Structure formats: C-alpha cells, structure tokens
Amino acid sequence: MIDELISIIGIPALAFAISTYIPGIQRKIEARIQQRIGPSILAPGFWAFFKFLFKETKAPDANLPKLYNLLPLLSIVVLWALLSITSLTSFHILSNEIGIVGLLKLEEMMYVILGSLAFSIMGWKMPFIDECKGTPFIKTLKLSLEQLGAVRSFKMITIGSFPFYLATFLPFVQKKSIFLKDIVGEPFLFSLAGIFGAACYFIGYVIMIKEYPFSITHTKADVIEGPTMELIAKYRALYLASKELLLIALGSLFATLYLGIAPDIENPITIVENFAIALIFPILATFVRAFSPVLLFKQIYPISYVATLIGVIGFIFALLGW
C-alpha cells in the first residue's frame, strides 16, 4: 500500500520536477541551431512558472470564468493519473489501453472547452466580441479568436492526433491484451511492427504537444494564443505546468509501451531509464520545430494520413507477430 502511494505521488512529482527544465533545454538547442546563445535553461520553464504565480490575476470575460481558469488543473490531474498508471501496471481499471486513450482524450478536450468559454482580449472585456471570422450577413458563422482556436483544436483531435493513438495500440495488438502488465518487460520496439509503430508514435507526439509545425491551434499570426489566451497569472502557471508535464508524460508512455520499461518504485533504475528515454522525445521535437514553419490543415491532413498508413502497416505486422 505504501509503495502504491509513493508511485501515485512520487513518480508524477519527479516527472514534473524534470519537466520544468525541458522548455529551457529546448530553447537552448533551438538557439544554438540558429547560432544564438539563448536564455538560461531555468528561465523558460522553472522560473516562468513562479513568475506567473506572482502576476496580477484578471477574471476573463467568459460564460464560466472559474471553470475556464481551472481547466488546466484538470489537464494536470489527467497527466498525473497517466504517469501513475504506467507505474502501477497491475491497476486494471485504468492500467490498460482504454484508460490511456480516455485520459489523453480528456486532456485534448480541454482546448475545445476553453475556446468555447472565453470572449475577451487578454483579460479585458471588449465593447464587442473579438470576431476574427465571418460577416454580419444572415446564416454566416461568426467566430472569435478563442472559438476559431477551439475549432482547430477539434480538427486536431479528430484527425491530427489519430496516428498517436494508433501507435499506442500496436504493442497491445501483438500481445493480444489491453493490459499494461502484459507488455511490461517486453521490448516491442525491436520488431518490425515496433519500428513502424515508433515512427508513427513520434509524428503523433509532435502533433499532440502542439508545437511547430503543428501549432495552428495557437499560431501567433492570427489567433495569438487561441483557446488559452485568457489564462492569466497563476492560471497561466497551471497551463505552463500542464504543457511541461505533457512533454515528459508522452515520452514516458513510449518507454513503457515500446521498451517495456515502466517506472517501478521498487526498481529505481527503471525510473532513471524511463525518464531518460522520455527526455529524448522533446529534444527530437526541438529539431523538428527549429526547421519547420507553421503548417495549415491542408498540409497537416496529408501528414496525418501518411503517419496513419505507417501505423496501419505496423498494425498488420503486429497481428502477424513480426
């Protein structure tokens, strides 16, 4: 019982502590690629979290302002639960493919809900809605900045992130089981299906974290911060924490699913191995971001289809046991 409590609290807490360094590492790598010095490693993540905590809080002009502000906390809880179930692989209610997909879908839905609630500009109530699309003509849809970001988030949920969920499914297909305990200790990556699945997973990872080139939900050119624009002060700190935690949580999930290395509190070396592998993903994503423009949906859809095709090939190989 004590070990389970330590796993539920300790593993996600350690992941969060490590994740605060990831934005700084990413910015440093990107700066070096662009022949700049860049900020200190602690500034973009660790110190930014505390900086936002001491900013002045403003209530957004939203239908449900309290719900809007607290939704990033829901995202943190979801990711905390995801890290917990990968360390407690015998917890059947959630430690399975259905639980993993369900939790991550909740995290994605946060952006759709956020964009449906707020109608202000940087915390200031406007005499008119910040309409960025549409006309006053009858039967013409009019959208605010946040609403347009929410529509884009919904498109990313339905089509963009599909390769990621397909990739999480492949290790379970080969084992003919949906439970995590059946794939832990089995390096699925070192198989033909695992190679295709890993390629599909990485493309899905970059889409899931909503970074360049898949940052259309909050591109600065039109919707600015999109659904999350009105998160201010301590609520912005919560959002920053959820973004950082997502970076390492999805990498940790790969280590568990594809290499069979679950962070076990009774075997500390597995925690080191799991998080070391998890850190590789945001670093690789940084190289993609440094050389990529923001893609439109007419470019995102083909990439998603190609990644899905790669995943389907891996799915066939997994069925064959290759």
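Cβ atoms are placed via backbone N, Cα and C, with glycine included.
What you are looking at is a predicted structure, and each value in this text was computed from that prediction instead of being measured.
According to Swiss-Prot, the protein has these features:
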TRANSMEM  5-25  transmembrane segment
TRANSMEM  37-57  transmembrane segment
TRANSMEM  71-91  transmembrane segment
TRANSMEM  109-129  transmembrane segment
TRANSMEM  153-173  transmembrane segment
TRANSMEM  189-209  transmembrane segment
TRANSMEM  245-265  transmembrane segment
TRANSMEM  268-288  transmembrane segment
TRANSMEM  300-320  transmembrane segment
Most Cβ pairs under 8 Å to the transmembrane segment (71-91), of 5-25, 189-209, 245-265, goes to 245-265
Can you say which of 5-25, 37-57, 153-173, 189-209, 300-320 has the most Cβ pairs under 8 Å with the transmembrane segment (245-265)?
5-25
Return yes if the transmembrane segment (268-288) and the transmembrane segment (37-57) have at least 3 CB pairs under 8 Å (sequence gap of 6 or more), otherwise no.
no
Intrachain residues whose Cβ lies under 8 Å of the transmembrane segment (189-209), provided they are six or more past its termini
104, 108, 156, 160-168, 170-171, 173-174, 243, 246-247, 250-251, 254, 258-259, 281-282, 284-285, 288, 300, 303-304, 307-308, 310-311, 313-315, 317-318, 320, 322
